[in-house]
Amino acid sequence: MIFIDACLKKKTPYTPVWMMRQAGRYLSEYMQVRASAGDFLSLCRDYKKASEVSLQPVDILGVDAAIIFSDILVVPLEMGLELKFEKGEGPIFPKPIQTEEDLENLDIQKGVRNLSYVYDALKLTREKLDPSKALIGFCGSPWTIATYMIEGGGSKNYAKCKKILYQNPEFLHKILTKLTLALKLYVEEQIKAGANAIQIFDSWASALEKEAFFEFSFNYMLEISNYIKKKYPHIPVILFPKGISGFLDEINGNFDVFGVDWSTPLNLAKEKLASKYTLQGNMEPCRLYDKNSIKEGVEKILDIMKDTSHIFNLGHGILPDIPVGNAKYFIKLVQEKSSK
Ligand code: CP3
């Protein structure tokens, strides 16, 4: 698997490429399966359909890895926190976490057990996937998941989370510790079901000051990564903390790949981190609207990363209205231009 080789800093015949959110609405084939499943969570819970949409980008675009179709928020959902996806509004937790009692009501064992549809989807996908392609399992970082559980949905300023962070940091640590425990077991089950690598998404890392980022987010991600690397040293771990280009000097720990978001200059990430980690990223996702801009972005990134271990990706998820022809052009261009 050339994707796994790149994660482990081995030489590859070309630069492997995939896209965050590659199983999604820009594909008409996804929209068809999604319509047949009903709503988004029903699609997540139908392991055959979840597997089908996970495989679509590999078949249609020729990406080098499939990421399992699911969502970071199914973990709190299955631990007992009611979750809704309203049309056009994104995720909503109608009864967000406010008290110690709310937290105690969440059940780690039940959550890890109820997530069997994710393990079933991974197993089926690994069976169907070409042996040369990798299957990526994932989870959210404890901090990013906690922001949704506390705010009740997406947030502009994270005021509720910050209030707890400053007024009652012990309580925030309790929430994060419980989530970390659940996530360790969850990703372990994903590996047992056939995931070849694990990515941890920390989409809201940038909401925190430097010291707070390391205390409340990065340390918990490392706890999950340490757990995996100790038990499954051959499984690459990818960390993707978004929007923290100012803190790269202090990024350190036992993981394999650092996901670079699009706002971080790639040559800066290279200078600070490429001696330790494979870098993944980081083309600006909106370049996919225009073929000339794709070509320019791909050439620039390949030039910076030549002779350095690299997985090509976008610097965040692909948007729903990207023309699929442009996505195909992007994937093919990376594979051809990087060919050695
Ligand atoms: O990358 C993939 O192709 C795998 C699937 C995947 C989804 N969500 C499917 C999804 C992954 C890896 C995620 C992760 C996720 N989910 C993150 C971290 C990555 C990031 O984008 O920052 C976050 C923050 C979430 C929470 C979430 N889920 C939000 C905020 C939304 C609504 C925004 C949106 O894009 O509509 C979702 C819904 C969601 N998750 C969709 C998909 C395909 C859209 C649902 C639909 O089909 O209508």
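Each Cβ is built from the backbone N, Cα and C atoms, and glycine gets one as well.
Feature annotation from TrEMBL assigns domain 'Uroporphyrinogen decarboxylase (URO-D)' to 16-25 (among others). Sorting the domain 'Uroporphyrinogen decarboxylase (URO-D)' (16-25) by DSSP state (H, G, I as helix; E, B as strand; all else coil) yields 0 helix, 1 strand, 9 coil.
Annotation comment: TrEMBL describes ARG21, GLN22, ALA23, GLY24, ARG25, ASP71, TYR148, SER203, HIS316 as substrate binding site. The Cβ neighbour count for ASP71 (site 'Transition state stabilizer'), using a 10 Å radius and every protein chain shown, is 17. Look at ASP71 (site 'Transition state stabilizer'): DSSP puts it in coil.
The site 'Transition state stabilizer' feature in TrEMBL is assigned to ASP71.
Per-residue confidence over the domain 'Uroporphyrinogen decarboxylase (URO-D)' (136-152) averages out at a pLDDT of 98. The domain 'Uroporphyrinogen decarboxylase (URO-D)' feature in TrEMBL is assigned to 136-152 (among others).
Here substrate is bound by ARG21, GLN22, ALA23, GLY24, ARG25, ASP71, TYR148, SER203, HIS316 per the record. The longest Cα to Cα distance in that group is 22 Å. In the structure shown, the C-beta of HIS316 has more C-beta neighbours within 10 angstroms than that of any other entry among the binding-site residues ARG21, HIS316.
Of all Cβ atoms in the shown protein chains, 14 besides its own fall within 10 Å of the Cβ of ARG25 (substrate binding site). Counted with DSSP, the domain 'Uroporphyrinogen decarboxylase (URO-D)' (136-152) comes out as 10 helix, 5 strand, 2 coil. ASP71 (site 'Transition state stabilizer') and ARG21 (substrate binding site) are 10 Å apart (CA-CA, integer value).
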